[in-house]
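Working notes for the structure below.
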Amino acid sequence: MHSKEQISHDEYQKAADWLTSQTRHRPQVAIICGSGLGMLADTLKSQNSFAYSDIPGFPQSTVQGHAGRLVFGELNGKTCVCMQGRFHMYEGHSLCKTTFPIRVFKLLGVETLIVTNAAGSLVDGLHIGDIMIIKDHINFPGLVGFNPLTGPNDDKFGPRFPAMSSCYDKGLRCLAMEVAKELDVAGIMQEGVYAMVGGPNFESIAEARLLHCLGVDAVGMSTAPEVVVATHCGMRVFGLSLITNKVGKSYEDSDSVNHEGVLEVGRLRSDTVQKLVTEIIRRMEINNNTNNAV
Ligand SMILES: O=P(O)(O)O[C@@H]1C[C@H](O)[C@@H](CO)O1
Ligand code: HPA
């Protein structure tokens, strides 16, 4: 099911044209809000917002903590578009549907994608409430063939065989650490490797041990397909994982993770994530990559 669905260039264009006709904002930066992090969209000024159900071709959000709205507005001198709610593979969407908005953003002229997510920590150094700057990812569904780029390549967006060796922009990662120091939150921030699993169940103990052995710092159920599609079409990407739980690696652990707890940590840390992202956006340079809307 995942590899067969194809979306034509016209369908992306139709969504982009519809949005262009509904708002005067022409975004340079897109932000995807992870579980419990939807408040990031509330910081935008001069907002225009659209329910996903009104946008041609957009899927629907079905997960609690993902409101299902696209919000346009200004943030610290940059024009932004914010997904208040993302799409996950486990909701039953094909991977090209979960990543549909990314190519629409490209057609709108977006140059930089900021992804946020909730994730579970597999390492001692990452605690609940910490924020991990994503240095790299392991796209487990992608490794076994569930990849949004499967199928005929659309050369207007990017090459058949895109590199993924530097998809999380180094300059933005350095900027994030500088900003963290200035905001006095460097103590809860570090870089790490995010792994995407299919979900929707959380990990078994043996799976958690496997992920840990493979060098994963934090695990979640999203993000990698979005980053693959954004990198394919030449966007600059920056990603943050909010650590919402520790992933149990011992059969003696009695704590078990649940989505309510994930959302609660999102609410508790929303202010910090918001301040970080806002300040990074204020200070990021725009127009320093070579991609134009296709
Ligand atoms: O959208 P994200 O990746 O932030 O959501 C995470 C993964 C699952 O969707 C959910 C589990 O609580 O949070
Ligand atoms: O522990 C987790 N595992 C997978 N996805 C998650 N999203 C938040 N926490 C987790």
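Cβ from N, Cα, C; glycine included.
The Cβ of HIS66 (phosphate binding site) lies under 8 Å from the Cβ of CYS33, SER35, GLY38, GLN84, GLY85, ARG86, each of which sits 6+ residues away along the same chain. DSSP assigns HIS66 (phosphate binding site) to coil in the three-state reduction, placing it in neither a helix nor a strand. Under the heading phosphate binding site, TrEMBL lists SER35, HIS66, ARG86, PHE87, HIS88, ALA118, SER222.
TrEMBL lists GLU203, ASN245 with the feature purine D-ribonucleoside binding site. ASN245 (purine D-ribonucleoside binding site) counts 20 other C-beta atoms within 10 Å of its own C-beta, drawing on all protein chains shown. Mapped onto three states, the DSSP output places ASN245 (purine D-ribonucleoside binding site) in strand.
The domain 'Nucleoside phosphorylase' annotation in TrEMBL covers 29-282.
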Under 6 Å from ligand 2 by C-beta, which of these binding-site residues make it: HIS66, PHE87, ALA118, SER222, ASN245? Sequence order, please.
ALA118, ASN245
For the binding-site residues listed here, ARG86, HIS88, which shows the highest count of neighbouring CB atoms within 10 A?
ARG86
Can you list, in sequence order, the residues of the same chain other than SER35, HIS66, ARG86, PHE87, HIS88, ALA118, SER222 whose CB lies within 8 Å of the CB centroid of the phosphate site?
GLY34, SER61, VAL63, GLY65, GLY85, ASN117, MET221
Pairwise CA distance, ALA118 (phosphate binding site) versus GLU203 (purine D-ribonucleoside binding site), rounded so that it is a whole Å:
14
